[in-house]
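A.B. asks: Mind having a look at this structure? Questions to follow.
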Amino acid sequence: MKEKLTKALQALKHKTPLVHAITNVVTVNDCANSLLAVGASPAMCEAADEVFEFSQLAGSLYLNLGTLTKEQEMAAYLAIRGATLKGIPVILDPVACGAIPRKKATIERLGHFGRFTVIKGNLGEVKALAGLAARVRGVDSLDEGNDGLEACQSLARAYGCVVAATGKVDIVADGQRACLIENGTEMLTRITGAGCMAGALVAGFCGAYEDAFGATVAALLTMSLAGELAQETSGGELPGTFRAHLIDQLSLVDEALIEKRGRVQWL
């Protein structure tokens, strides 16, 4: 199965997919730089009178609901409609949907305008969308339960898409297949934007590789490996230094590293 992950990385480097991102103001620069680091081409286009047409030119669409304004909400409806009409992968990052009821209503409406290819959130967000009790604090998940796989599979079947829940162990499921990614570092929780960057990477990989399940696993593994390497560099235990090293290490993840250090449990 690791062969699929290396093929996904190769496809990303070869195709340089254009990722149309409508994301939050806190992490927009982080998302753009992470995409550039792995070889994708980010476009942070969110003007409502531009997104319908632009989404149809992209390799994938990334919708991040972190600081959702009314203008972004309208743009997201138009963008997902355009992307779905062209069969372009749509990646949803349902930031804070477990804490803010409006987010769940927005996600439901987005589902009327188009379809999701991947839903990527933390465990609390995934459980909230799946209709399960979730422990959250703002945008952060307090859940570390053993029902994460069940929540992912349930949500995947409900939406007919791939679902990924990030945490100490990342879970990826599509209603039939599932895996656990055991790489990563606590340092990723000490900077703003790691989750958003991971979501952006999922969009990048999905824009280059047809198997959305494999693309999602490859993206999250890339993020986790880069985090491990960033922590291991000089000063990597300091949040500011770690952030800078993280972007550097994203650019250095290759097939050999995935083969050597990737810890993926296929279920």
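The backbone N, Cα and C atoms fix where each Cβ goes, and this holds for glycine too.
Taken from Swiss-Prot, the feature substrate binding site applies to MET44, GLY193, supported by sequence analysis. Taken from Swiss-Prot, the feature ATP binding site covers LYS120, THR166.
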A.B. asks: Any idea what the Cα distance is from LYS120 (ATP binding site) over to GLY193 (substrate binding site), rounded to a whole Å?
C.D. replies: 14
A.B. asks: What is the separation, in Å, between the Cα atoms of MET44 (substrate binding site) and THR166 (ATP binding site)?
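C.D. replies: It is 24 Å, counting Cα to Cα.
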A.B. asks: Take the C-alpha atoms of GLY193 (substrate binding site) and THR166 (ATP binding site) and report the distance between them in angstrom, rounded.
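C.D. replies: Rounded to the nearest whole number, the Cα-Cα distance is 13 Å.
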A.B. asks: Which of the three DSSP-derived classes (helix, strand, coil) applies to GLY193 (substrate binding site)?
C.D. replies: coil
A.B. asks: Mind giving me a neighbour count for THR166 (ATP binding site)? Other Cβ atoms within 10 Å of its Cβ, every protein chain shown.
C.D. replies: 25
A.B. asks: So which one is it: of the binding-site residues MET44, LYS120, GLY193, which has the fewest other Cβ atoms within 10 Å?
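C.D. replies: Checked MET44, LYS120, GLY193; of these binding-site residues, fewest Cβ neighbours within 10 Å: MET44.
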A.B. asks: Quick one: what's DSSP say for LYS120 (ATP binding site), helix, strand or coil?
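C.D. replies: Going by the DSSP assignment, LYS120 (ATP binding site) falls within a strand, counted as strand.
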